[in-house]
Amino acid sequence: MTPITPMPSALAFELVARCSTTKARAAILTLPHGPVQLPLFMPVATQASLKGLTPQQLEETGCRLCLNNTYHLGLKPGQEVLEKVGGAHKLQGWKHNILTDSGGFQMVSLLKLANITEEGVRFLSPHDGTPMLLTPEHSIALQNTIGSDIIMQLDDVLVTTSPDTKRMREAMERSVRWLDRCIAAHANPTKQNLFCIIQGGLDLQMRTECCKEMVARNTPGIAIGGLSGGEAKADYCRVVNTCTGLLPEMKPRYVMGIGYPEDLVVSVALGADMFDCVWPTRTARFGNAITKHGVLNLRHARYANDFGPVEEGCGCVCCRTGDGGLGITKAFVHHVAAKETVGAHLLTMHNVWYQLALMRSVRQSIIEDRFPAFLKNFFSDLHGGDKSKYPEWAVEALKNVGVDLME
Amino acid sequence: MAASNGFPGAGRKIAFEILSHLDANVAGPRLGKLSIKGRHDVETPNFFAVTSRGVIPHLTPDVISSHTHIGGVHMALEDFVERAMGGTPPVVNCPGPSPLHTFTALPKSLPSLLAPRRTPAVSAPNGNSNSAISIFTSTGFQVLSNKSYISYVENLRPDIAISLADIPYGALPGTKRVAKMGDRTQEWLSQLINEKREEQVIFAPVLPIDYLDQSEYLNNIADEQADEVSGLALYDSNLLPDIPATTAITKLPRLSLDEPSSPRQILRQVSLGMDLFTVPFIGFATDAGIALTFRFPRPLPTGVAISNGVGALQLGVDMWPAVHATSVTPLDTSCSCYTCTSHHRAYVQHLLSAKEMLGWVLLQVHNHHILSEFFAAIRESISSGNFDADCEEFGRIYESELPEKSGQGPRVRGYHFKSEGPSEPKKNRPAWGNLGSDDQEASSKLVPDEPAAELEGKGFAEKMED
Ligand SMILES: [Zn+2]
Ligand SMILES: [Zn+2]
């Protein structure tokens, strides 16, 4: 094992409150481009833009930390342009924080011919078939050029549902070795925070080993990876619960690829702090509005004459009336959805606001130590008060951290 | 002293004040102010933004409020009535005193102008009849009778409604057809005037045919209806010098629906005395990825001046080419719009190249701003008496037409939605779909297409030794 040296960090983590029942926490994470409040949802601005929103509009949703995807930025505009322009913040005119992934996950899922060796991710250039290689060193160099506030290690990603235990162990152990290469390659540890990514599939023993190895590397933050890939949610919850139990209290914990509201609130109860997902913004393009009573598809004819706001009581710029609010109705979104991009922009603003506001109220309830009551209200609203509709996995997972939704 | 048309206190919602050029018998550029109750005043010459389905393409209402200075908006009834066959179109059911405004979340300060058809309009395969025209909705062609148009105007309460015009889009009308056009349009206008609420403001259409072929109709407006009509909407600006120069007619604001294809054509129409414009070329330029850069009458000292190589300056800059990829200068260094003060060419070029919707948003904000500045400069020029000389200078300095768009643009409207089905993951499934990847939208464009050496050069990955 590599000798352990304390790693420089470019963040400060301040624990503000702990839920007295569940494992939920409220914290302030201060990053190079300002503080963010945890728990936190991060919208995904894949190619340095969030689905038609201006950075100003994104800022107005309350967002202070968003994602860019390294794979996409590496292709367009590419490292050379990013270097000349001065990084991703300057490229997109974003004054706040950015997190980038390693690019490995997208490479594996987008390039069908990619495979993983000890050196890195091998693939054939789709242009001319030339064999190419993405290494941990490449990924870090690219993220150093992007200048994101949080950068992710390149990991050996395998779907959690893979039945191949031997391959799963190989991936977990390789991810640890790649973390060492990423740490060694990281050029700006005092300006950018490298997060490790815990692997090990659904095997709790393997996850435990990985946590131990990676925690020892002392990165400024820790991600739990390889989830949201099709596993049963009960299994997902067991993995998150196991990992958070082994992670140091004074570091942020990021579960990658999570975005459904019920997944967010349960994951917070299990002790996770940060989440990202393309779903809220992608689903906006299909005319879907996220509300506390569930997702509404506003393209449905039943909304053609619905002159109420997208969500009653919502504080987003679209739903608000008066004082700079736009007073957008479901009928109007229905009128433009799928016909003018403005329809998607409006729902994107609403959906991002919804996700951020949800996390704000989760945080407030933790601070006021009424998070269990919050959870009960949340599930009641989502399922119209009908407990028989509550998802079993959520009931089970919350019971394990002391909240009985059924009582 | 200013000439004023409008009767405040007599139920009229509109007043048009001509601030210069009082001599009704001399054609020429003029300054004016259009005041509509409850909306901001519009200094003329000026333009109304073109909408599609009630929105200025790419711009949400908050962006319109914060980042544009447009005079008002032009809306087309045909964008709202695709459901008319099966019942009442939803816009009609919208509550409140200004249903069209409320339905479209149009900023309250902006005047709305309702026309039966879009500008530009798609030509209809079936002609018009004595009582109805053909319109094109999102679900296909439909017949719109004057009777229902009058009822829509009554229900939607636009600030200004243009009366139905008998225009055979697409085909040049024959002699017999031409004779009918004036008659029908006059008939439809009279019906609207008779049946409308008193405070509803009406603009009368001027048809795109010779003056003599519609003289009876136009003289009737001058003689009988000048008090009922609050403005003229000209489908052909060349008719302007022929309009009867009675005091009552001269006092009316004039709206051009002539679809100028260049700033030079706008200037020509202004010189004939046009007051208000719709300018579809703003949207064409935006969709083609072109940032407009022309100023009136000449570039600002700090501005862009790109020569086409033969002495004349380009009217805009194509933002697609890779030369902009590392340029951290604004689209136009002399521009004070949101795009130019917050972003640079490199970002816009990246967004276009990545087909991100924000690219067109930023261009649309900038291009509308350039047109607002253009009209402000025109007003300034008229006011200082230099308009003719300034037009001459503009014509000498700038190219006559917009730059050619390069091969990559423009985007097809709605392209994001056409290629993809509504296959969304269901709520509350016990397991996830593959949410983390973006491959649904990515498969077509997010696989590297450059040679390996180029990818290596970008730092994306390295070539492997065999
Ligand atoms: Zn909302
Ligand atoms: Zn500008």
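Quick reminder: no glycine exception, Cβ is built from N, Cα and C everywhere.
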Zn(2+) binding, same site as B:CYS335, B:CYS337, B:CYS340 - TrEMBL member from B:HIS324, B:HIS350, B:HIS366: B:HIS366
Listed in sequence order, residues with CB under 8 A of B:HIS366 (Zn(2+) binding site) and six or more positions away: B:ALA291, B:LEU292, B:LEU331, B:ASP332, B:CYS335, B:CYS337, B:THR339, B:CYS340
Collapsed DSSP category at B:HIS366 (Zn(2+) binding site): helix
Three-class DSSP secondary structure - B:CYS337 (Zn(2+) binding site): coil
For the Zn(2+) site built from B:CYS335, B:CYS337, B:CYS340, B:HIS366, further residues of that chain with CB within 8 A of the site's CB center: B:ALA291, B:PRO330, B:LEU331, B:ASP332, B:SER336, B:TYR338, B:THR339, B:THR341, B:VAL365, B:HIS369, B:ILE370
Number of Cβ atoms other than its own within 10 Å, given for B:CYS337 (Zn(2+) binding site): 23
